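Colleague: Just passing along the structure, written as structure tokens.
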Amino acid sequence: MLMLLKLLKDGRFHSGEELGAALGVSRSAVWKQLQNLELESNLAIHRVRGRGYQLAAPVSFLDADEIALNAPSLSYPIFISESLDSTNAEALRLITAGSTAPFLVLAERQTAGRGRRGRQWVSPFAQNIYYSLVLRIEDGLRQLDGLSLVVGLAVMRALQASGVHRAGLKWPNDVLVNGKKIAGILLELVGDPADICHVVVGIGINVNMQEVAGIDQQWTSVQLEAGAPVDRNQMVAQLGAQLQHYLECHRESGFEALREEWEQNHLWQGCLVSLIAGANQIHGRVLGIDGRGALRLNVAGVEKAYSGGELSLRLRDDS
Ligand code: BTN
């Protein structure tokens, strides 16, 4: 599939004969491959008699050299796949196989992208960023305090640098624009958090996606917000640079050093919310976060702090 796409990616017309010659197959085999390509990749292909086939819009692929060119300070290996079940799952497999962290796993598509709280992350081909950065953590618990919130800050800054100026944060680590989700973060840990462990920093960013089925919440994308397609290699580089900056600050000074910046960008600061923990709901007003990234709520006049990956936050209708 990738071979055919690479021939078409310039967005110009290519005749069936030309494609067949390049692929070493007949014109009818080309036609079949094009049908499969449209079906599997969700990319529209125009057919015009006498001219041939053309992608409705040019596509660019993830490319480690281009990423490195745009972010020369990033020195870890980058593994790019055409299709994976999940970049987080692949990263975990590579850790088990003994790969040395840090390293980055990217994919053009995920067939079983993982979201928080057991949800699926819809991951169409060649449109978005599916990004799993593996870090080795040696100083256990301190380095993990507030880590997912710090990643949220880095993602938000990368989005702002790509033209999404109104991107903001929702505790614990959603990135929203006008109440619509544009990016999600899923951290997965292996090893002993009190000693040496690895953390997979999984990030999904809706980049050039304009329509898709199967997302059960309001969403948007960089292209929808910024009004033009975005180069994913440049955006991966931007994300890498922002992560490098924020992770270094977190490692050297702890989460406390980033707490104020996080709160300033929290879209629901001061709002009335419901915190959902399984079947339980807690109602309160958002006061902020504490020095470990836990959510501080005023619940019936008493300040309480909450943390945990299974929690989710909703705005109250009367907020
Ligand atoms: C969320 O539910 O908000 C978190 C979504 C995280 C999705 C990303 S995409 C790259 C990485 N691989 C996965 O399977 N999930 C994360």
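Glycine is no exception: its Cβ is also placed from the backbone N, Cα and C atoms.
In TrEMBL, annotation is done automatically, which means it is predicted and not curated.
The DNA-binding region annotation in TrEMBL covers 16-35. If you look up TrEMBL, you'll see 77-251 marked as domain 'BPL/LPL catalytic'. Positions annotated as biotin binding site by TrEMBL: SER86, THR87, ASN88, GLN110, ARG114, GLY115, ARG116, LYS181.
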Colleague: By the DSSP assignment reduced to helix, strand and coil, which category contains SER86 (biotin binding site)?
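Modeller: In three-state terms, SER86 (biotin binding site) counts as coil.
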Colleague: Report, as numbers and ranges, which residues of the same chain sit near the DNA-binding region (16-35): CB under 8 Å and 6 or more residues beyond its ends.
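Modeller: For the DNA-binding region (16-35), the list is 1, 3-4, 7-8, 45, 52-53.
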Colleague: Counting each residue once, how many in the DNA-binding region (16-35) are helix, strand and coil under DSSP?
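Modeller: Breakdown, helix to coil: 17 helix, 0 strand, 3 coil.
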Colleague: Taking the residues SER86, THR87, ASN88, GLN110, ARG114, GLY115, ARG116, LYS181 listed for biotin, what is the greatest CA to CA distance in Å, to the nearest whole number?
Modeller: 20
Colleague: Is GLY115 (biotin binding site) helix, strand or coil when read with DSSP?
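Modeller: The three-state answer is coil.
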Colleague: For the domain 'BPL/LPL catalytic' (77-251), provide the mean pLDDT of the predicted model.
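Modeller: Over the domain 'BPL/LPL catalytic' (77-251), the predicted model scores a mean pLDDT of 94.
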Colleague: Which of the listed binding-site residues (SER86, THR87, ASN88, LYS181) has the least company, meaning the fewest other Cβ atoms within 10 Å of its Cβ?
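Modeller: Among the binding-site residues SER86, THR87, ASN88, LYS181, the lowest count of other Cβ atoms within 10 Å belongs to LYS181.
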Colleague: Ten-angstrom check, please: count other Cβ atoms within 10 Å of the Cβ of ARG116 (biotin binding site), all chains counted.
Modeller: 19
